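What TrEMBL records for this protein:
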BINDING   B:GLY32, B:PRO33, B:ASN34, B:GLY35, B:ALA36, B:GLY37, B:LYS38, B:THR39  ATP binding site
DOMAIN    B:24-365  domain 'AAA+ ATPase'
Amino acid sequence: MSPPTEPGEIDALIAQVARLPGLGPRSARRLVLHLVRRRAQVLDPLARALARVAEAARECSLCGNISTSEICPICTDPRRASGEICVVEEVSDLWAMERGGAFCGRYHVLGGTLSALDAIGPEDLRIPALVNRVRDEGISEVILALNATVDGQTTAHYIAEMLEPCGVRVSALAQGVPMGGELDYLDDGTIGAALRARKTL
Amino acid sequence: MRCYVQSLTLAQFRSHARARVLADGRPVALFGPNGAGKTNLLEAVSMLSPGRGLRRAGADDLARRPAGLGWKIRAEVQGSDGTHEIETAAPPGQSRSVRIDGKLTPQLALGRVLAMLWLTPAMDRLWTEGAEGRRRFLDRMVMSFLPDHAEAVLTYERAMRERNRLLRDQIGDDAWYGALEHQMSESGAQITANRRTALLALAEATTGAQTAFPAAELSLTGPDDSPQPDTVADLRAALAEGRRRDMAAGRSLSGPHRADLGAVYAAKGQPAALCSTGEQKALLISMVLANARALMARRGLAPVLLLDEVAAHLDADRRAALYDEVLALDVQAWMTGTGQELFAGTGHRLQGLRVTQAEGISAIEEKELP
């Protein structure tokens, strides 16, 4: 049940919060109430952080990552100039890769996948920019970390073809048994892919 | 392994507001007047397999009118690996969902629980109409042997739709075509290989079989009897070479989506399309029975057969032979006919169910057959 009276601006804030992923009107109301009740500890710092991000957040002009500077920290970090570029579909994929910390090269965010049906062509993705980077930055290997869907794989083949004249090594992530996974629970396609990508111990 | 449907409960499905069938594993003979909902029961069973069922209906068309409440089917089935509870339903305006043992699963998983084949009166013209129906018939047989066939078909179709869009939009990006053709040729070659495997299994099951139904010699060709590109490399080359022609046509003109299933009435050496109506029906029945025999031999499991109005076009001797062969195969066949006399001579060997409907209430009662 909604409270009998809600001032218009708080109402508007609740409506905004309810549009965020994972939140609905009821959780939005609870969250806004929490913010207003803890003004100094939560609301003010959050409002300042939001304002700063709103002011400064932008796409890195090199890789497409989101950061608060023209060039993102990964692209400016000299230790990450390993000669490897990992190509991902979305910024969320980049952040997922970074969470693991296993990759110490740089990234390239495409901003989607090729899809004729959705009218997304190579020029809508950052594929020409990728080809330029490979040529200009002395890249030795491009790792394609794209989804195992038809669109993802079409994009992977397309990029491999575009990079062929550069003579760079192009690889793709392995597909198979997840860490801690049990074979019993895997589907036949995954087991087949894992078997094809087996390695000598 | 015997696979069969043990119980079937329908809610708001086609003509049935509510209906429940208990089957004991014997072949089922459904009889009753026109419009009682016999075929609708068969269609409900067909929804326990992936796809749009035996009438290829959209989810919304399956709902009982005018209620518009959506529909639900619940079934207990004896599958290849034990008993499962299957629930499939579509609320109004939504696509159908599938639950196996209470867990939401993709439709394709149904193909791993039950193998299912069907013949309907609409398929009487299968040999004389377009190749699409024959491909669909073939692919259903292939899926009974190789449930993963459906995934290859989905991948192929998805990549082809993308390619067709490029063709229609007159886009000339060779690398984009190349990337899509790469996927089409890999999944396409898999589709063709699967189809050939199934045809081989059918041929093995036809040779030397004791059956009253005529043997068919089956073949897989491209459109208008042209050769079918089989390997990944051949298909890829055919697609690449055909880009200009395909662009003029606005769609992809080579590949397994253009393949055709050819059949020759073996004893006469006559193409199926030139046979009599009765002979054409007999050929189809012969293929379905051969498929069931081949499945037993290859996968050790018996498919569920749905034979709608199968008695039509068959004389009394052929009908008796069909029932004998179904019983000898030990499969659960669901057969329909208007009167119980069509099942005369089967007695308790078939499970007779009389279907009637009065004022929107369906009644299904067990009746001993003559």
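Backbone N, Cα and C atoms are what each Cβ position is placed from, and that goes for glycine too.
Ranking the binding-site residues B:PRO33, B:ALA36 by how many Cβ atoms sit within 10 Å of each one's Cβ puts B:ALA36 at the top.
The average pLDDT for the domain 'AAA+ ATPase' (B:24-365) in the predicted structure is 92. For the ATP site, the Cβ centre of B:GLY32, B:PRO33, B:ASN34, B:GLY35, B:ALA36, B:GLY37, B:LYS38, B:THR39 serves as reference, and the other residues of the chain with Cβ at most 8 Å from it are B:THR338, B:VAL355, B:GLN357. Residue density at B:ASN34 (ATP binding site): 6 other Cβ atoms are found within 10 A of its Cβ, drawing on all protein chains shown. Packing around B:GLY37 (ATP binding site) is summarised by its Cβ count: 22 other Cβ atoms lie within 10 angstroms of its Cβ, all protein chains included. Here the Cβ of B:GLY35 (ATP binding site) has 10 other Cβ atoms within 10 Å, regardless of which shown protein chain they belong to.
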